[in-house]
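Single-structure report; data block below.
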């Protein structure tokens with residue numbers, strides 16, 4: 001047996017940085033490079049950069065600063081109702097920013113959500129699928145009462161009147 005060809009001995013080569021950098025700058029660059037653990041976290045996000053203002057879960061914000069060993073020990077928890085509500089509000093705010101003028105929204109259907117006091121479990125469980133809360137609210141009478149959605153009739157020409165924030169008709 002030759003000790004030099006042992007399968008346990010693995011040597012990695014580190015690519016050299018540009019020669020015009022001083023050693024201190026090269027060391028700082030090396031330290032800023034992501035580790036495999038941080039790459040796993042960033043792959044779950046929608047963009048390569050982690051913007052702490054976009055992350056609704058405060059627990060995730062705190063885990064980003066932890067070491068990988070500390071992160072391993074933590075168990076994954078489901079978000080609280082307050083966190084779900086903020087995620088839904090953030091999602092609905094993004095939808096309203098990209099919404100068409102009022103005349104065009106009638107053809108797409110009513111996309112109102114529940115009032116802030118009533119939890120909207122349909123869209124909170126799937127915040128990336130717009131309109132699913134409306135479909136589930138129409139099929140479930142209890143949800144219809146909570147969200148103020150009237151059941152659809154067979155008459156396709158009937159539609160709901162727009163309501164203000166207190167629930168009174170605007171027309």
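Using the three backbone atoms N, Cα and C, a Cβ is placed for every residue, glycine included.
Annotated features, as they stand in Swiss-Prot:
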- 19-29: compositional bias 'Basic and acidic residues' (COMPBIAS)
- 122-146: compositional bias 'Polar residues' (COMPBIAS)
- 1: N-acetylmethionine (MOD_RES)
- 35: phosphothreonine (MOD_RES)
- 43: phosphoserine (MOD_RES)
- 46: phosphoserine (MOD_RES)
- 47: phosphoserine (MOD_RES)
- 67: phosphoserine (MOD_RES)
- 143-171: region 'Interaction with PPP1R15A' (REGION)
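Break the compositional bias 'Basic and acidic residues' (19-29) down by DSSP state and the numbers are 7 helix, 0 strand, 4 coil. For the recorded site, the residue listed as 'phosphothreonine', the DSSP three-state label reads coil.
The region 'Interaction with PPP1R15A' (143-171) scores a mean pLDDT of 54 in the predicted structure.
The residue listed as 'phosphothreonine' counts 10 other C-beta atoms within 10 Å of its own C-beta, drawing on all protein chains shown.
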